[in-house]
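> So that we are looking at the same thing, I have put the structure below in structure tokens.
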Amino acid sequence: MRSPPAPRLVRVSTPEEFREPIPGDTADLGSRPPLHDACAPLRELVGVWRGEGEVDYPTIDGPFRFGQQVTVSHDGRPFLRHQARAWLLDAKGAVLRPAAWETGFWRPGTEGRVELLLTHATGLVDLFHGSAQPGRWELETDAVLGTPTAKQVEAARRTYALSEDLLDYAESRAMVGQPMTPHVSARLRRVPSGGRQDTP
Ligand code: HEM
């Protein structure tokens, strides 16, 4: 049997060569490329959002305050990229430590449906589907998968509601033996001029 051809190695040494040879994504609707028409039901989510929320659950010693930044960007194709990092705050608002980190994609569906795939640093993957109405997105999980070391999570519901430049969201989860119960809620504010992300 013939062996596959050896991969051609690309030499990368200067900062210019480290750049990916394709345009990066942008969280700024004013910059190019234009948003794909299929993303119209998700258009208002594109941007950088920063704010504060509260986390609690029957099994934890909460409630706790947290801060969060969410970036929703696109590269002109019919999906959005979603990245969110959170940090715990003390009662006075000082940063205590990093908290939840999730990354994924929003995908427009048909007839006002949307899909959201999220990977969590804690070994969990959510497959959400739901509805998109102007300024409101309601999602629930079709499936939650976990690695062998992840905590047990059965299902989740997440709602985003936009009012002017404020994005409120709330999430409930059925996990660690509890029924569907609120876990986090937050109010995020649009950060002006989101701009281009990782790559040029
Ligand atoms: C802004 C988002 C979130 C914040 C700030 C947050 C914060 C917390 C905190 C502070 C705890 C208590 C334990 C600890 O200190 O780590 C906790 C527990 C937990 N969270 Fe979250 N969380 C967030 C989102 C999520 C998401 C998206 C999931 C699932 C994908 C999740 C699943 C869990 C689980 C399974 C526990 C453990 C409960 C237990 O064992 O009693 N959390 N979370």
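A Cβ is built for glycine as well, from the same backbone N, Cα and C atoms used for every other residue.
These came from TrEMBL, pasted as-is:
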- THR59, LYS151, HIS183: heme b binding site (BINDING)
- 39-190: domain 'THAP4-like heme-binding' (DOMAIN)
- 1-34: region 'Disordered' (REGION)
- 180-200: region 'Disordered' (REGION)
- 47-53: motif 'GXWXGXG' (MOTIF)
> Per DSSP, to which secondary structure element type does HIS183 (heme b binding site) belong, with helix, strand and coil as the options?
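Looking at the DSSP assignment, HIS183 (heme b binding site) belongs to a strand.
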> Taking 8 Å from the centroid of the Cβ atoms of THR59, LYS151, HIS183 as the cut-off, which other residues in that chain fall inside it around the heme b site?
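Close Cβ neighbours, site residues excluded: TYR57, ILE60, VAL153, ARG173, MET175, VAL176, GLN178.
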> What is the one among the binding-site residues LYS151, HIS183 whose Cβ has the most other Cβ atoms less than or equal to 10 Å away?
HIS183
> Pairwise over THR59, LYS151, HIS183, annotated as binding heme b, what's the top Cα to Cα distance to the nearest Å?
14
> Using DSSP, how many residues of the motif 'GXWXGXG' (47-53) fall into helix, strand and coil, respectively?
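Tallying H, G and I as helix, E and B as strand, the rest coil: 0 helix, 7 strand, 0 coil.
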> On the 0 to 100 pLDDT scale, where does the motif 'GXWXGXG' (47-53) sit on average?
98
